[in-house]
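Now, the feature entries from TrEMBL:
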- 3-63: domain 'MADS-box' (DOMAIN)
- 86-176: coiled coil (COILED)
- 86-176: domain 'K-box' (DOMAIN)
Amino acid sequence: MGMARGKIQIKRIENSTNRQVTYSKRRNGLFKKANELTVLCDAKVSIIMFSSTGKLHEYVSPSTSTKQMFDQYQKTLGVDIWSPQYEKMNETLKRLKEVNGNLRREIRQRMGECLNDLSFENLRGLEQDMDTALNLIRERKNRVIANQIVTWNKKLRNAEERYRNLLHELEARDHEDPHYGLVDNGSVFGFENEDPRSIFVLRLQSNHPNLHSGAGSDLSTYPLLD
């Protein structure tokens, strides 16, 4: 004879892994029995289960639906389980409509509309609110402008630094390479591809209108007559 199966004590399983395994096994067994009742007895069965982690599992006979089961339950017992929920939903909807209406009216008033029904105190309060909002907007605008000025000043200093470095580089090249030369008006001349018949002139303009964007020079090539 096989060993008799020990009886499980009905109490909460402390080990979470064992608890989950037992839940899964017994849930499947319960759903199997519900399906057998449906087939053998032509019964309508609905089971709704939530695990300890809040996960939903449900079974309903193929011949019906969960809503039909609830409707038949209410009809059999003569109760309406939805009425309290509907009332709460209607109350919530009413409050939301009221809040939405107040916000829309406030927006129109800030646009200069719907002012006829406001008292003097309300008008003065609205004026103060708009003055406060206007001051905040101006402060934000001034901060944005100040940040832009700082950014453009940095770009200007970088462009000027690049310009000075280029001048120093060209002056040094004037001493080292006879193909280049720096003249008094800030222009640089040289031979193109070391061809003595073609000369180029690079004009450096410190007051060039596009200097801030990096375009501070003008390159022209002049062919020499044979």
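Just so it is clear, glycine is given a Cβ too, placed from its N, Cα and C backbone atoms.
Curation does not apply to TrEMBL; its annotations are automatic.
Note that the structure is predicted; figures quoted are calculated from it, not measured.
Looking at the domain 'MADS-box' (3-63) alone, the prediction's average pLDDT is 89. Applying DSSP to the domain 'MADS-box' (3-63) sorts its residues as follows: 26 helix, 10 strand, 25 coil.
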